[in-house]
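Chemist: Let me begin by handing over the structure; questions about it come next.
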Amino acid sequence: MGVKFKDITNPEPIEMKELEGKILTVDASNVIYKFLSSMRQTDGTPLRDLNGHITSHLNGIMFQTSTLIEKDIKPVYVFDGKAPDLKKETQEERINIKKESEKKYLEAKEVGDVVAARKYAARTTHLNKEIIKSSKKLLDLMGIPYVQARTEGEAQASYMVSQNDAWAVVSQDYDCLQFGATRMIRNLKLSKSNSKNLELISLEKTLKELNLTREQLVDVAMLVGTDFNKGVYGIGAKKGIKLIHKYGTLEKALESLNETMEVDAELIREIFLNPNVVHNYTIEFKRPKKSQLLDFLCGEHDFDERRTISAIKKLQAKTAQSSLEDWF
């Protein structure tokens, strides 16, 4: 979910054409989750092949990524590794929410409430090993690079942007700012009706407007609540900023409120400010493997062959074996 920083950021509208020629790191879990949630049948169930395997994520990756490549926008997917131990409670809460949504989905389905059934079905979405494995296989066949993070995918994606190996992170979560991404892109959707909502958030601009350092932004996040701590009841982002402006640090702000942290703040600072990232990664766009793509998508997963060939042609037209130096 990330930190609720929507009210304190001032995003700039950006046109899709401004992303042409740029490498973008993509928070794979975030994006694949959206594909699984949104690409569903009328009864709320995900898209499946004739053998019952879920294919919503493959559909999204293949057709949306090929369209990005056609527009000369170069995505690099970054996959989550092992979550920090401090995230365990957040993960358990999400599991409970999904269980409750599953219950409400079945109830809505039983009474024939299609709208409610679809809404609650989307909330049951989860990523399993098979979905991640098939996503990586598809990207390999498409010639699209991906990086396996050690821990948080957002941290790795943000690090790659901070090193100027990519221009921006594509994610809905504001955690990228705490992780040090110099730029993040929100609402990257390919339909014309949604393209007007495309947003660019600059870390430098955000910190300047808020009169905060990145370290202080992390302190504000902890006051509000992160994936690693609950935060202080009643403290939103704006109030958190006022407290940090007044007291300078999280510890002094907590003391003024007569509050304490349930976890060591230094551990959370370490996650955001010095994340465990992969330094030796390769960004290389290759030509798609047409015959293997057709076998995988059309043969194994019953995709429409004509539509799949069209997507492959988009990839072939824009990609050739090339190293990172060639793209920049």
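Backbone N, Cα and C atoms are what each Cβ position is placed from, and that goes for glycine too.
Quick paste from Swiss-Prot:
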{"type": "REGION", "residues": "1-98", "note": "region 'N-domain'"}
{"type": "BINDING", "residues": "D27, D80, E152, E154", "note": "Mg(2+) 1 binding site"}
{"type": "REGION", "residues": "116-248", "note": "region 'I-domain'"}
{"type": "BINDING", "residues": "D173, D175, D227", "note": "Mg(2+) 2 binding site"}
{"type": "REGION", "residues": "320-328", "note": "region 'Interaction with PCNA'"}
Chemist: Could you state the whole-number distance in Å separating the C-alpha atoms of D175 (Mg(2+) 2 binding site) and D27 (Mg(2+) 1 binding site)?
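Modeler: Rounded to a whole number, the Cα-Cα distance is 11 Å.
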Chemist: DSSP helix, strand and coil counts for the region 'I-domain' (116-248)?
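Modeler: Helix (H, G, I), strand (E, B), coil: 68 helix, 16 strand, 49 coil.
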Chemist: I'd like to know which of these binding-site residues, D27, E154, D173, is least surrounded, judged by other CB atoms within 10 A.
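Modeler: Each of the binding-site residues D27, E154, D173 was scored by Cβ atoms within 10 Å; lowest is D173.
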Chemist: Using Cα-Cα distances with a 10 Å cut-off, which of the binding-site residues D27, D80, E152, E154 are near D173 (Mg(2+) 2 binding site)?
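Modeler: Checking each Cα against D173 (Mg(2+) 2 binding site), the hits are D27, E154.
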Chemist: Applying the rule Cβ within 8 Å of the centroid of the Cβ atoms of D27, D80, E152, E154, what extra residues of the same chain belong around the Mg(2+) 1 site?
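Modeler: Apart from D27, D80, E152, E154, the close residues are A28, S29, N30, V78, A149, G153, A155, Q156, A157, S171, D173, D175.
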Chemist: Per DSSP, what is the helix/strand/coil residue tally across the region 'N-domain' (1-98)?
Modeler: 47 helix, 17 strand, 34 coil
Chemist: Where D27 (Mg(2+) 1 binding site) and D227 (Mg(2+) 2 binding site) are concerned, what is their Cα separation in Å, rounded?
Modeler: 16
